[in-house]
């Protein structure tokens, strides 16, 4: 028998030592066993069962060695030393066929344990092995063998019988252990432990373990399949991402090429327009006139010289004047030759004949007189046509002079060669120039739209404090303008720095000119179109007073009202918030207003009287400043001139206190303007600001409402009004306002707009 069939198991320290000593010194081993097994008597039946259990491996049969001599087999074998003690009471064993059937003939055994006879194994009659009689899942768990959760470790030395599980499920494990022990190399006696596997008992059956193993393998396969699928998807996404990046780069290259082509086309178009404009300007120089540098004393000045068109008109004017004088002279001579109406009165002159004169009959006299009258009427018509032609030429001359100045400023500008600012805005041409800024027409390459680029340039000779003050006001304008979003206000898109002495603000571009240019060209605007302009302007002012904090424009004038389509019948937008005032809680009080810190700034023709009051404390202003400006603009649109200080300069207005004396507005007889419009202007131009409405009240005025809403209000008010309220003046619109206080007491001044507002 091998070392696995007797003594402690090989996976214990004692077992490994005994196994090694058995192969090296067999005589010593047998002698030691004889001493151990000397007093132990093993039941032959149990011994046979144990041997059948140890030797009954059907997969790998154990080759039994030759039985030793009888003394060694009896005394040296300790197989049943541990197992007999554990199984004396029959616990832990499943009932075997020989125990289950009592009437079955039992096998004859030789009781050689007491007589020192050798016990031999007889083969089974039915060919079955003993482990086939044990059923699965019926092996009780021994409390003496706790499971080690930490994994298989080297067990502590113990009795062989306590380490071998007696579960029928583990019937093959004993044989495997014996084969492993017999096959492992001999260990030296110095090695105390061995790294063999430890048998662990469990309640799981082999089918469950196989199912769990199969499930684990299936899960692992699914995970591996999922991982492979995700890897393939990841690779596919990487491939698609790479392809998309390449496509994106291709599109970027194409877009960059398109931008370059777009830039070249825009520059080419702008260059062609500049050439055409300059060519036309050169032609107009001869026709309309030009600036000529002349010497006056020790200085050279530029004087305007009219072109041949004006010279021709002047010659025609002189000819018409000479013809008129000739007609007047002929009429005087004809009156002297007028024949007498009766013969009696001229009877004394019948015999007196004047030399060289031919008497005219009464018919001839009237005929000559009719001819002279017709010639005078024709000259008058020709003169009126000539005046219209002169006015037209003057408008063309104004445009020509403006274009000459623009071209001169464009040629002297540092941005004349189509630069691209901030890698985005392509400058095309100069629109206008102010005191310290230039406005260029530009193109936004990113948003693909036309913009107006206002470039602020600081004078290099300025001191640092003056530069800081200018930048402060420019940033203040930007901070106010960037928060505004209204369809009647020009939008601010961007602000960026160009260099240390210049920066740019990008604004919304409007195709048309401003209202000031239109008024210079057309003198006046019909009331219907003017009312539309004022209504849109008041709408923008109402928005400025609805936001928090409210804003006062303070510099509202025709030059800051842009016509979108170049016509007064289209949309308008207000711009230029450089002098705007923010009515925050710290500076503004609703009862009195806010302090005017920039007195002297602005356009004097459009500022109210309170802005010119000089005292110890600065004057108080509110949104009523813009209301006054609206009244002045409306008056100028209707009558073609300013109501106060029309032909005066700003210096003369300041010296003569023109606005401080503007206590009452006067209206011309022509053109014809409705009484409602006059009353609206009067309300806007109230001298005392306490009597003047603010922007919110002005926005609710009936005059600015559409005709349909106004008619509805009149119809609703007629139900509650007395019959006397329907009596209107000759204009059919409202009662005429009386200027004197006495007349106003007798004839109260009101309009339907005042009544229903």
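Including glycine, each Cβ sits where the backbone N, Cα and C put it.
Just so you know, TrEMBL annotations never went through curation; they're auto-generated.
Annotated range for region 'Disordered' in TrEMBL, selecting from 1-33, 166-198: 1-33. Note on TrEMBL: of 341-375, 376-410, 411-445, 446-480, the range annotated with the feature coiled coil is 376-410. In the structure as shown, the Cβ atom of residue 454 (ATP binding site) sits within 10 Å of 24 other Cβ atoms. Residues 274, 277-278, 281, 284-285, 288-291, 304, 306, 309-310, 313, 316-317, 320, 323-324, 327, 416, 429-433, 438, 520-521 of the same chain, all 6+ positions outside the coiled coil (376-410), place their C-beta atoms under 8 angstroms from a C-beta of that stretch.
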